[in-house]
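Taken from TrEMBL as is:
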{"type": "TRANSMEM", "residues": "A:12-31", "note": "transmembrane segment"}
{"type": "TRANSMEM", "residues": "A:38-56", "note": "transmembrane segment"}
{"type": "TRANSMEM", "residues": "A:62-84", "note": "transmembrane segment"}
{"type": "TRANSMEM", "residues": "A:96-121", "note": "transmembrane segment"}
{"type": "TRANSMEM", "residues": "A:141-161", "note": "transmembrane segment"}
{"type": "TRANSMEM", "residues": "A:190-213", "note": "transmembrane segment"}
{"type": "TRANSMEM", "residues": "A:219-236", "note": "transmembrane segment"}
{"type": "TRANSMEM", "residues": "A:243-263", "note": "transmembrane segment"}
{"type": "TRANSMEM", "residues": "A:283-302", "note": "transmembrane segment"}
Amino acid sequence: MMNLFVLQLLNGVQLGVLLFLIAAGLTLVFGIMDVINLAHGVLYMVGAYLIATFAAATGSFWWGFLLMLPAAVLVGLILEFVVMRRLYARSHLDQVLATFGLVMIATEAVKIIWGTAPLSVPMPDVFSGSIPLMGPLKYPVYRIAIIVAGLAVGLGLFVMVNYTRVGMLLRAGATNRSTVSALGVDINRLFAVVFTLGAVLACLAGALVAPILSVDTGMGESVLILTFVVVVIGGIGSVKGAFLGALLVAVVDTVGGVFGPIWLREIMDPAAAGQTGRVLAPMLVYILMAVILSVKPAGLFGRTA
Amino acid sequence: MTSLTVRNLTKSFGALKVTDDVSLAVEPGEIHAIIGPNGAGKTTLISQLSGQLGSDGGSVSLGDRDITRLSMPDRVKLGLARSFQITSVLPGFTTLENVALAVQAREGSSFRFFGTVAREEALNRAALKALAEAGLDHRADVLAKSLSHGEHRRLELAIALATEPSVLLLDEPLAGVGGEDAETFVANLQRLKGRFTMVLIEHDMDAVFQLADRVSVLVYGRIIATGTPQAIRSDPQVRAAYLGEEEEAA
Amino acid sequence: QDVPAGASDDVLKIGLVYTLSGPPAALGEQARDGFLLAAEKIGELGGMKTEIIIVDDEGKPDLAAQKANELVLRDNVDFVVGPIFSNILMAIVQPVTSTGTVLISTNAGTSTLAGEACNPNFYTTSYQNDQNHEVMGAYAQAQGYNNVFLMTPNYQAGKDSQAGFKNSYKGGTAGEIYTELGQLDFSSELAQIAAFQPDAVFTFMPGGMGVNLVKQYSQAGLSGIPFLSAFTVDETTLPATQDAAVGMLGGANWAPDMDNAANKEFVDGYIAKYGAVPGTYAMQAYDAAQLINSAVAKVGGDLTDRAALHAAIKEADFDSPRGDFSFGKNNFPIQDFYLVEAVKREDGMYGTSVKEKIFDDYVDNYADQCKM
Amino acid sequence: MLDVNGLEAGYGDSQILFGIDFRVREGEVVTLLGRNGMGKTTTIKSIFGLVKPRAGSVKIGGKNLTGADPHRIALAGLGYVPEGRQIFPTLNVEENLRATARPGKWTLQRIYDLFPRLHERRRNMGNQLSGGEQQMLAIGRALMTNPQLVVLDEATEGLAPLIRADIWACLERLKQEGEAILVIDKNVDALTRFADRHVVVEKGRVVWTGSTPELLASPQVKDRFLHV
Amino acid sequence: MSDATATLTAPRRALTGRLKAALVLFVLFALMPPLAAALNDPFYVLIGTRILAFAIAAMALDLILGYGAMVSFGHAAYLGFGTYAVAILASWGVNDLVLQILAAIAISAIFALVTGAISLRTKGVYFIMITLAFGQMAFFFFISLSAYGGDDGVALMQRSTVLGMDLLKSDFGLYYTTLAILVALFVLCHRIVGSRFGRVLTGIRENPTRMEAIGYSPFRYQLTAFVISGCITAVAGVMLANQAQFVSPAFMSWHRSGELIVMVVLGGVGTLAGPIAGAVAALLLEEWLGALSEHWKLFFGVFLVLMVLFSPRGITGLLEKAGIARRQE
Ligand SMILES: Nc1ncnc2c1ncn2[C@@H]1O[C@H](COP(=O)(O)OP(=O)(O)OP(=O)(O)O)[C@@H](O)[C@H]1O
Ligand SMILES: Nc1ncnc2c1ncn2[C@@H]1O[C@H](COP(=O)(O)OP(=O)(O)OP(=O)(O)O)[C@@H](O)[C@H]1O
Ligand SMILES: [Mg+2]
Ligand SMILES: [Mg+2]
């Protein structure tokens, strides 16, 4: 039992890093630039489709990955130039409406281009094995690679946001664009670059998870809400918060899903516990968020403005 | 009986003690000025008095009622109102509506779901009067967000006046109000003197020394002196900490 | 009996209601394509000028109800065909059948409609939902498994599927768990499976969930444990899972490699036209078109005689790619069920393949409750 | 240095400026005077391109930059202390100073020497500063961009007399170092000690300009702005 | 005091401009069924009912979103309470619309009171997300409700009666009843918005600290508005259940909440009539574009983006530009 608990904890942490990888771009664009981009999920999906296409065309995951990057930059730049830059100064609701439109456009476009059947991305050979863990348990190498990638992205973001001029200017620009520009900073260009970076991060996440997750037209939407939950739980604008938020969500979800019913059985009769467990399990993440926000209304690391 | 009694009030932000054992007794009808260097804790003190900030220790009484635990709205209802140093108005409302809301609050009964508030003449008339007192009646129909800075400051004052408190806490009401107008402003406050008790924070020494009955000096969260304007003006400690030489020249 | 408004005109109007947007669109499209394939092959269904109206229910029941209303009240269709999902079926059954219009489900087969709420205007060319799960249960029972790990998503169909499995499987279980609907990552569940080392895993994970599970199952090195599933490893998910799914087992009423002339015509035609291997969704819709064709032809295009029309439908006089096909008293099919396995086909594509027959002329468990 | 000609501007339907003309030469200190709501801030904003001018021109160092993007104007050598401080609330004091800094003689150290208070509070978030501290920060932030012309819009509002005196001393020093200054402030008496010229704005028009001696000699202007 | 009279009449003029727009909408609604009948398309009456129900919900959301800056991303839950009130009461043999509405309102009021009280501790995006959380909890609760079909939902065998009369049996009856409810609720919301309470609510939206400083505790007003909005939305749910004759948790998924927000923003935030127009536009476009092309979502998306870029205040903004409705301020 203890073993399983530890293992589930580990799984939770791993899922957390995966979630953070997906949420990283959102942290940047939403948390720090203060732009609500519902299209973040579809960018993630586009990344997966891009790598699927390029990998299939070249027959290699790595070539697919390398080709995906410039394509992602292009997608980000176009999106920024055509739509997003007109939205920075607008209200959150306008951003919601416009990016909701973008979601519809992108999802439909993906459907037209790639069809509705899910696609497959081969796992790169170097990472395809799994290493033995305790007992009969094994751990896929590729997941370790994802964890490493997630940690690297997180660290990079953290340093960028908290210790570089770009990070300061982003935070400053999010609250007061005109003053920043009147002090001599080309805020439009800066936002364009950073939005594109966010888009690339989303695509990157999509590309990295493509070998283990289904590449289909719903993949963006299914993570969108979850990534928002992660960012909000951690506290908007905090990379550290998003990281811990992701871990927390994942651990609660994993461990709670498995052990919740077991613990419930301690306090009520098994049938009722099973029933209650089933009702509560899908709500866990939301209960977690509601509890955190009602105790800390600005998330774990959010600043009360 | 004093109007507002402050006993041993303290507040810390982390390691920083912003107000440190502050005690004050404000007499009915007086204008009590609080001066002190930037960051001394004046605004913090006002926020504690008005209930916007909680206190770590000490007590506040309005008349003979202990209000230490009351929320800001509850204190306002008992007659303790404030103005803000950094203008805080309703940007999307007209100047008149901003003030009318304050009048409405004073009258109570805002859980009225029917009737068109914009047509309540009594509200508007009272609001217009407060605007006139702040010299802003000619801008009644302008949205607050399109007022100039100085006009904002006047609106800030008009709102505070419209709540018709028994004790009014004014946080730098003159900041941003230009020369000639500042004089009318001071004259206005002079006229209001006696109608309510006022606690006045100002960095404009001309105004302070003209208006105040008594002056307290707050430095690093502590009151270092209280007295008549004359006494304070010539207090060497105050000169060194706050007034400097500028006042000598004046 | 009500004669629907469209019965008297001389066009045969058919409305297709499928989920054509969102991730399940892949299923809806297969069904639509299957139907259109038959319609195109036959030309004029039942010898009548045929008009087919395709609507997308977007996976939203209320919208589906409205679209169904639109089909019967505005477009005056003679038949409504569809949908994929049970909740959509529940939403459209009332608006369609209350006007006397015939509804043919080509996939969803909810238990209430098979039992107490069976309906003379409602037919299905698929199955009762529990049946595929029962196939797997029977197989597990036959293998003598005594320690099966059950895992399905936490919603009605998931619960039904565990119940269905246990209808025919009487052995012990290593765990019965419900995963979150739309779950991405199954590492936690896979860890439990690895820890319990069950005889087999039974699951029902439609769509993207299934793709994720299958990929991760093989990545976690669990391929040694038999993987029994329904609606998880099929022609709609195999293009994404590919080799990861090969060898996994499922229950079905048909597989594309069944050896009969009707099936050959269907599968070859489908591959030629759409470049993909058809799944059951396509096959069952294909049969719906054949069913309509046979029935309308029998009544000579006179759709106003409802009794004759229903009798003609009941006859089910067509060659189904799955072989034997007849209607039970609840208008659900009586058919054979098979154990199927995912394979890489000779043409390089992936598909399922019949491994053994599990049930012969199988009648669903709810037919008795139908008072019709 | 700065040459403003026939500037017209406004917000939405309402025109506020109706032709503003004045210039600031190298090393010169010029004030904008006028009652509340007369268009002083609007003038500054249109110089910086924050409000797009409808007519007229703004030349900086001889270059026509009318209605250019704000950052281009700032990069041409203008430093801005905006009205109402506009501190970045989510940055701490030091970050506020560093975020928009450009290299030059003003360094973090010099700012801290000028405002020791800021050094004490350097880890505080922008929105956790007293009003006066925010004002110091806004001035420091503008100086950190190392401009040739500093534009101060009510930069001493809310500052204690002692600090205000420090600011005047600082501006005088800046002037001695050859920097040009454009300043709006209600403490006109203090300005007369070192300002070279004054521009009086009324209802969006320049109604008077002159040197400090001329101002002191002109009774009605003096009456309005100097309360001696 | 000569300014005073001018001040007193100006807002009245602006309000009537907006009322006029609503009136035009309502007249069009009233004329639709006979027109549909004349065109031999009575079916549109059913679509119309659905639109009206969503219009009620969108308007209710606008009451808190537009006037109180409370962006509830869980409002579909109230739609759900309305629909399930019908289904559950019907299964107990209670078929009367009035009772069903009362039950829906009661349960919604309780839910709104509890979740609102917790949610209002937060602001902005945090508020959006915490309301989403509560909405999702309600959603999953109904999914697990096996007795009422769980995820599959239940079909309703008949429409509700109104005080014993079979008023809703015909599509026309249902349509006009829904329309009457919409108009009544519009008048109610309109009065609330213009009242003392409404002004306080809007003031809190603009600057809560200032409002506290003049003696209002924002919480009480916001919570009241939140509850009112939830209850009105539940009424929409009751009508929707009667229209679809089917009830399932799908009515209360977060997509629905999102769609309600889209309707409000599309129509024009803080205008009441705008969201009604928004609901009409969104649902009709879905209907028409859907008939035109399989890829209608592409066009719908483009439409939304263009709307935001070129008409920041939604449909209301478009009308104002065209001089049809007057801007209120
Ligand atoms: N954002 C705005 N929208 C509309 N009108 C505005 C806006 N800002 C200022 N105004 C108007 O423009 C006029 C000039 O304002 P400006 O801020 O330039 O005045 P100012 O001379 O700086 O006054 P002050 O001394 O009060 O700061 C005022 O009448 C004001 O109401
Ligand atoms: N929320 C906070 N967190 C940390 N420190 C704070 C916070 N609010 C204020 N302070 C600090 O408390 C001190 C007192 O601030 P306060 O605003 O009361 O000063 P003040 O006397 O009003 O000054 P001024 O005359 O400049 O307005 C300042 O040094 C300020 O930086
Ligand atoms: Mg202060
Ligand atoms: Mg100004």
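Keep in mind that glycine also has a Cβ here, set from the backbone N, Cα and C atoms.
What TrEMBL says about a protein is an automatic prediction, not a curated fact.
Just so it is clear, the model here is predicted, and its values are computed rather than measured.
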Stretch contact, the transmembrane segment (A:283-302) with the transmembrane segment (A:219-236), Cβ-Cβ under 8 Å, 3+ pairs:
yes
Counting only residues 6 or more past its boundaries, what in the same chain has a CB within less than 8 Å of a CB in the transmembrane segment (A:12-31)?
37, 40, 43-44, 143, 146-147, 149-151, 153-154, 157, 161, 194-195, 197-202, 204-206, 208-209, 223, 226-228, 230-231, 234, 236-239, 242-243, 245-255
When each of A:38-56, A:96-121, A:219-236 is checked against the transmembrane segment (A:62-84) for Cβ pairs under 8 Å, which one has the most?
A:38-56
Can we call the transmembrane segment (A:219-236) and the transmembrane segment (A:141-161) in contact, meaning three or more C-beta pairs below 8 angstroms at a sequence separation of 6+?
no
Go through the chain and flag residues at least 6 beyond the ends of the transmembrane segment (A:190-213) whose CB is under 8 A from any CB in it; none is fine as an answer.
18, 21-22, 24-26, 28-29, 32-33, 35, 37, 40-41, 43-52, 61, 64-65, 68-69, 71-73, 75-77, 79-81, 84-85, 88, 121-124, 140, 142-143, 146, 149, 153, 166, 169-170, 173, 219
